[in-house]
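Everything below concerns the one structure shown next.
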Protein chains: 2
Amino acid sequence: MNKREAMVLLKNKGYKHTDKREDILELFDQKGGYLSAKEIQTALKDSYPGISFDTIYRNLSLFQDLMILEETELDGEKIYQFHCTEHHHHHLICLSCGKTRTIEVCPMQDLSQIDPEFQVTGHKFEIYGYCKSCQLKMKETEKKNHDSMMVSPKV
Amino acid sequence: MNKREAMVLLKNKGYKHTDKREDILELFDQKGGYLSAKEIQTALKDSYPGISFDTIYRNLSLFQDLMILEETELDGEKIYQFHCTEHHHHHLICLSCGKTRTIEVCPMQDLSQIDPEFQVTGHKFEIYGYCKSCQLKMKETEKKNHDSMMVSPKV
DNA sequence: ATACATGCAAACAATTTGCATATTA
DNA sequence: TAATATGCAAATTGTTTGCATGTAT
């Protein structure tokens, strides 16, 4: 799923076109990973200084109902990304920037007989860590802090 | 980890013995699975009618810091069970009763080279569904509803 | 014109915190 | 008695909802 497809879907289902809706979807297009309501509000507050969380939450919830977005939870916060209709898969999730990378391995394939009595209805497999670019950024920051300490040591 | 070990640990660390603390741990001993703050409050409200959520949350949080309990999240609710020090593993989680069953398979073993650039810091693998006994209970309930409908049909 | 979208304010639920009091070692 | 535990009440955070208004079709 992506912004363009989502816009078409919304139109077909009779939902109205609004700039905010489009811009929220645009964010997901640009991001290619998970976003929280808060991140969306932050990202949009230049274009829409008064944008309210209700609108964001309502749209996220609508998008989820329409299978435009899929939801997961991180640290008690709901986060969303474009729903992937094509096939079942899992994700690497960067804890710093929220970007995700799809992995095609699903552990469930190997587990058919783990416990025949247990009726499986769902599963979650997520890998957390830091993507290459965030690792580099963190190294940069570390270095900067170190350098500035050298120049003007803290009291 | 179990109640007895936990009590010793608390004592050694200088925390005081209280009946509530002991009873909370006792609950986990009996349950052998996940409990939420709400479930704990419900279970203890006979013995301690006025027990406050603060106490429960504070103790859960303490127990987690001391590695007595481990935490995960289900439907936006934090749930806890005894921490397993022995070895790394994952769980089947019954969505009805919260009981868990350990499974020894860890998908990470097979994933060492998924993305060498991604710095892995953690992962979550959980399987959700219904345990045998909850399946039976649900069937019972269904049957009961059906039977009672036969006797006195709803308007 | 009509249905849908939004903002506002208020409600909600889960969780956390400051402070005074009570309890354990 | 000295340190820790608890209850109370209030704050915080993330999220949801009712209602009046605004806007896209």
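Placement of Cβ uses the backbone N, Cα and C atoms for every residue, glycine included.
Remember, TrEMBL labels are computer predictions, not curated facts.
Here the structure is a predicted model, which means the values were calculated and not measured.
A sphere of 10 angstroms centred on the C-beta of A:His88 (Fe cation binding site) encloses 9 other C-beta atoms. The Fe cation binding site annotation in TrEMBL covers A:His88, A:His123.
Marked as Zn(2+) binding site by TrEMBL: A:Cys94, A:Cys97, A:Cys131, A:Cys134. Cβ neighbours within 10 Å of A:Cys134 (Zn(2+) binding site), excluding its own Cβ and spanning all shown chains: 18. DSSP gives A:Cys134 (Zn(2+) binding site) a helix state.
Here the candidates are the binding-site residues A:Cys94, A:Cys97, A:Cys131, A:Cys134, and by Cα distance the one nearest A:His123 (Fe cation binding site) turns out to be A:Cys94. Sorted by the number of other CB atoms within 10 A, the binding-site residues A:Cys97, A:Cys131 start with A:Cys97, the lowest. In this structure the C-alpha atoms belonging to A:Cys134 (Zn(2+) binding site) and A:His88 (Fe cation binding site) are separated by 27 Å. Cβ neighbour count for A:His123 (Fe cation binding site) (all protein chains, 10 Å cutoff from its Cβ): 18.
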